[in-house]
Amino acid sequence: MESNYPPPPIDDGLYGQSGTGSTSENFKVVVRIRPPLPRELRGTGLRAYQCTTAVEPGERNVILSENLPAVVSAQGVTVADPGALYNTYRFTFDCVYDQHCPQERVYRQSAQQVVLSILQGYNAAIIAYGQTGTGKTFTMEGAMEGPDRGIIPRTVEDIFTFIVNDPDPSSKYLVRSSYLQIYNEVVSDLLKPERSSLAIREDRRRGVFVEGLSEWVVRSPAEVYQLMQRGQSLRATGATKLNEVSSRSHAVCVVIVEKCSNNGQGEDAEGAGRGGPDGASMQSIKVGKLNLVDLAGSERVHVTGAVGRRLEESKKINASLSALGNVIAALTDRRERVHIPYRDSKLTRLLEDSLGGNCRTTMIATIAPSLESFQESLSTLKFANRAKNIQNEAHVNEDVDQRTLLRKYERELRRLRDELARRSRNVVDKRALLVAEEQAKRAEADKLAALTALQERSREFLREKEEKRALELKIQAMQSQLLSGGTAAPGLGLAAVSGAALQEVPAVRTLVMREANKVKEHYEARIRALEQEVAHVEVERYKQLLLKQRDIMIALTARLNERDEKISYLQEELDAYDRYQRQLEDALDAKTTELITLRKAAVEHAAAGGPSRLRGGADFALQSALGDWAGGAGAPGQGPDTVSAGLTSTASGPTEAPAGGLYYSADGSAVELALDGQDGTPRGSTHLTSASSGGLTAPWRRSTHSAAGTGASFANGNGALSSIHSDARAGTPAEPSSLNNDQASASPGEVAELRAAAVTAAKERAALQQILDSKVRLMLSEIMQQVASGGLDSGAGSGAPSGGQQALLGRLAALEALVARVSGAIGGSAGGQGP
Ligand SMILES: Nc1ncnc2c1ncn2[C@@H]1O[C@H](COP(=O)(O)OP(=O)(O)OP(=O)(O)O)[C@@H](O)[C@H]1O
């Protein structure tokens, strides 16, 4: 196949040529002479091959002669008048192609322009006519590839090349094809074999057409080739004497091209489009139809030797060709109003437009060059010569039918594009659609909820309605009772009284009110019961809480009580100490008073000349007892010389005691009191220690000791003066005896001494009192601090005294010892009487 097919041709003058060619602008007749076949070249019998055809220069005239060399020189130049020779004919056609003319040239010069005219909206036809075996099929179809490609494949290639090269991009084309045959006067669809015996119709819109013939939209030459191959395989052929593959039918390949283009864009005035009702007002549609006709070959039966089926075929073929000749004869008859017998055969009927109608037609008459085909060639040339006078009037088929397929396609395309645009918008608006769907869902859900609520309300309404109905029934029943009792208003018919009217009756209203009150009371009672139930639950809960709180309070109270008891106990102890302190103070006061009295008695006794033993012993004992409390370490030695003479102090520890002295330890924990008589022998001793003092439950525990040799008087716990007569010899306490001043006698010196001693004793007493007060305050302060800090609680309940209590007991024992010692000292010096 040629790759670069030539572009649409320029008019080579075939059409419109005057002179000896066709008289019609639109009907051309050309002659093609095929080369001699090998069979012909071999000759027949004794006759060798003889060429009978020659084409004069200019390819317009063909010479057919049984004696061709006499007419034409070896160089092809006509040397004699063909008309003057026997059996020599000269015909002029629009073009004559000799046996050497290639397919391409035949097509380009005689077919291409006609074929491409369909792209401008013309009908066109290429009709191959000739004796059997003269090359009609070769010319029309030829090979599907290579230089032998015939008119049909080249036509297809040209059509699509033209479309592709159309400079107007707005132009649109639709190409479709059909393929039929007329075999034995029966029209069949070669592309749909099941479709046969098709009828040939004609109408104003479509012209002549085959009803039911399939049309195939093709978009490339290859698709057309496929159709052609399919159709050729179905075409009726057979071997004859003159042609191994003889076409036994007329074949028509139909190519229809619809072209849509904008008005005024390269179109001539004739092609100006008119608007259609479908909105394509600025577009024009042109429809061109091309019939590519490969006729069956005429044959002489006696020559072909056809018999039987072939004979019948030949008869049919010849008949139809005869009809074609008749049509052509009629068309070329110069008489007016000549009947054109198109309907005499299917062929002429089908080619009605192509023969004398709206068509640009080229008839290619094929002839064989051999002498044996001379008569057939002459017949063909005469036929063609006659046909060249056919007058066709071709015009553009533009918008003749709004129902053209392209229109339909355009409408369908527009519809599909609109659909696509709509769907595209849908895609673009998919988000909005989703939102809308979401809203719709929500609305549906709201609607459902509303319906559910409405349903619930309807149920409530029905319930209320039933209750109301029940009440009304009840009221009616009661009203009927009232009527029977004569309490209703006169003339009031119960049956005709509605519930509202009944309530207007006072008695009924009362009953209604009563019933309403009953209902109200019922529900109030129910509410109260529920409230009580709720309250009961609440009370139980609060009760449990209160019980828990109560247990906690009890535990706390018990703990507080326990603490209070301890505090009370300690308070009592403090009170006992206070009492004891007061007793001590009282005792001190009494002792002081007694001491003064004693000194006065001593002075008086001295003044009266009595013994002085008392003076020295009592003062000594008193000084010894008070010395430890009279002002610290140096107190005993700071006294008057007369007092300190008999007192020995050992600050560094126990030492050997001097005769008749009071010995004591420096810390005051142990005191040994040794009083001797005149011989210095110890008369008694007592040990006072804090550990031995015992408990303090008693306000005072009397110390049992003896101070032999003393006879002093002491005030007792009640403050009364008592006189103790010490028996130095026996060492036992003397019986108390009352002393009076009258019995005392002292010298003036002794009185002075006693007076001085009394002054000293008073000072010492004051010092002692001060020390005692500070000691007691200190201890009380410590006790109070311990009580305040709770230090005394740690051992509560254990039965054994705690550390704090131990300390307190120790302090108290020390205080007790101190008091006992002082008391003892005082008592010893004054007769051993304690508080
Ligand atoms: N121009 C040509 N060049 C070479 N060979 C040709 C030419 N024309 C025809 N032939 C050959 O002649 C033979 C007959 O040609 P073809 O079949 O085309 O004749 P036909 O007119 O169609 O016959 P029929 O009418 O019986 O169908 C074929 O073998 C074909 O190849």
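Here the Cβ of each residue, glycine as well, is placed from N, Cα and C on the backbone.
TrEMBL assigns the feature coiled coil to residues 451-481, out of the candidate ranges 141-171, 265-295, 451-481. In the three-state DSSP scheme, Gly130 (ATP binding site) falls into the strand class. Taking Gln131, Thr132, Gly133, Gly135, Lys136, Thr137 as the candidate binding-site residues, the subset whose CB lies under 6 angstroms from any atom of ligand 1 consists of Thr132, Gly133, Gly135, Lys136, Thr137. Its Cβ placed at the centre, Thr137 (ATP binding site) has 24 other Cβ atoms within 10 Å.
Over all protein chains present, the Cβ of Gly133 (ATP binding site) has 27 other Cβ atoms lying within 10 Å. Each of the binding-site residues Gln131, Thr132, Thr134 was scored by the other Cβ atoms within 10 Å of its Cβ; the lowest score goes to Gln131.
Just so you know, of the binding-site residues Gly130, Gly135, Lys136, the Cβ with the fewest other Cβ atoms around it within 10 Å is the one at Gly135. On the 0 to 100 pLDDT scale, the coiled coil (399-426) averages 71 in the predicted structure.
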